[in-house]
Ligand SMILES: Nc1ncnc2c1ncn2[C@@H]1O[C@H](COP(=O)(O)OP(=O)(O)OP(=O)(O)O)[C@@H](O)[C@H]1O
């Protein structure tokens with residue numbers, strides 16, 4: 001799992017403006033052809049296990065083919081249709097009836113990246129809060145400020161016909177002297193959320209819903225597990241609240257902990273061989289050495305800018321180095337990682353989201369959750385590796401992070417390409433392990449034939 005996640009540096013809250021929800025993409029670039037019907041018709045199977053062992057998970061009661069049949073507040077339904085959602089996706093079809101049923105039941109939900117998990121938990125938060133009560137009632141934690149801001153924009157868009165009030169719990173958002181949050185839905189990263197609760201700026205006595213997006217990462221002891229647990233320990237013990245955990249991945253060692261964290265939960269699980277979607281075509285390029293990786297990236301520049309691309313590096317300094325070099329050589333690229341300050345991070349991701357920058361060079365900080373439909377290419381400049389703090393683990397590929405990284409393309413049935421750079425025996429073996437774990441072929445693209453490369457990529461995107 002993404003133990004090497006570029007964590008948010010949390011803790012101190014300074015005055016600053018509230019970041020605006022990211023604007024929709026401007027006229028350019030053109031979106032890849034959407035094939036969302038593939039997704040609705042998709043045959044990937046999930047296993048549903050109900051908390052109530054007597055109930056039959058195949059009952060139509062636990063499936064919703066339309067949003068209308070969910071008994072939603074009409075203002076919410078209006079918000080969903082205004083987003084262009086005609087009907088629930090597979091995961092929404094299964095998860096929503098369970099999430100919205102009374103009495104509220106915990107949920108541990110898994111489905112591939114880009115299949116609509118966010119909308120499912122956002123809709124649950126919006127359905128459960130009382131808009132007339134001006135107190136925090138739903139908390140949602142995410143692993144990065146970029147993802148927290150994105151979730152917030154889904155809340156505000158979906159809830160735009162309601163009177164919902166929202167607030168961020170991310171670094172440098174609220175003034176240091178803020179005393180009392182009256183918003184109903186609070187989205188943030190765990191360190192800042194904890195700080196606000198401890199300082200009693202955030203009163204949690206009315207919390208009814210507690211959501212962890214990217215839950216396997218949020219619960220991982222090598223990731224954000226400690227901080228997330230501390231937030232939970234600050235929530236009332238005597239009042240029940242619904243706990244919702246969602247991710248595309250739940251490695252075995254986290255799954256057991258997840259069941260303790262969200263006891264008696266309804267569970268939706270993916271089969272192991274269905275962890276990544278088929279509409280992302282995976283390739284690799286055999287580079288001679290580190291320097292050759294850079295040359296190949298530069299030679300790919302034209303292709304990277306047909307749509308939008310994200311280049312993942314293992315370390316911040318690599319992201320900075322290659323972006324500085326490419327910029328000096330006249331290419332337009334942006335770089336984003338956790339060492340940049342909050343305002344800069346917001347500006348960089350917003351520019352990319354709006355399509356003003358087409359190539360983003362980054363670290364695992366945005367490996368998870370980020371939803372930018374125009375991204376049709378992901379490059380693993382460095383393959384994701386397990387946390388170097390675990391002795392010997394840096395030799396092992398981080399399969400979960402790989403799944404999340406390539407999932408930044410191919411959103412909601414669209415087509416996408418991922419390319420892994422391998423350059424020696426070790427990286428070659430790491431890629432083989434990824435191929436084996438996912439049971440999906442990773443195809444070779446020659447590095448010395450740009451025309452063939454372009455042809456193969458265009459075919460994959462067709
Ligand atoms: N029912 C729907 N109809 C049409 N589009 C939808 C529907 N549900 C979600 N989407 C869109 O699909 C895209 C992917 O959804 P979302 O970000 O919720 O995926 P996710 O499963 O949370 O992905 P990840 O695992 O990467 O976090 C978003 O752009 C969202 O607006």
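Just so you know, glycine gets a Cβ as well, placed from its N, Cα and C.
Note that the structure is a prediction, hence the values are computed from the model and not measured.
Quick look at what TrEMBL lists:
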- 1-37: region 'Disordered' (REGION)
- 65-93: motif 'Q motif' (MOTIF)
- 65-93: domain 'DEAD-box RNA helicase Q' (DOMAIN)
- 98-268: domain 'Helicase ATP-binding' (DOMAIN)
- 279-458: domain 'Helicase C-terminal' (DOMAIN)
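If you average pLDDT over the domain 'DEAD-box RNA helicase Q' (65-93) in this model, you get 94. With a threshold of 8 Å between CB atoms, the same-chain residues lying at least 6 positions outside the motif 'Q motif' (65-93) that come near it are 39-40, 42, 44, 46, 100, 109, 111, 115-117, 119-120, 123, 126-127, 157-162, 268, 412. Sorting each residue of the domain 'DEAD-box RNA helicase Q' (65-93) by its DSSP state yields 16 helix, 0 strand, 13 coil.
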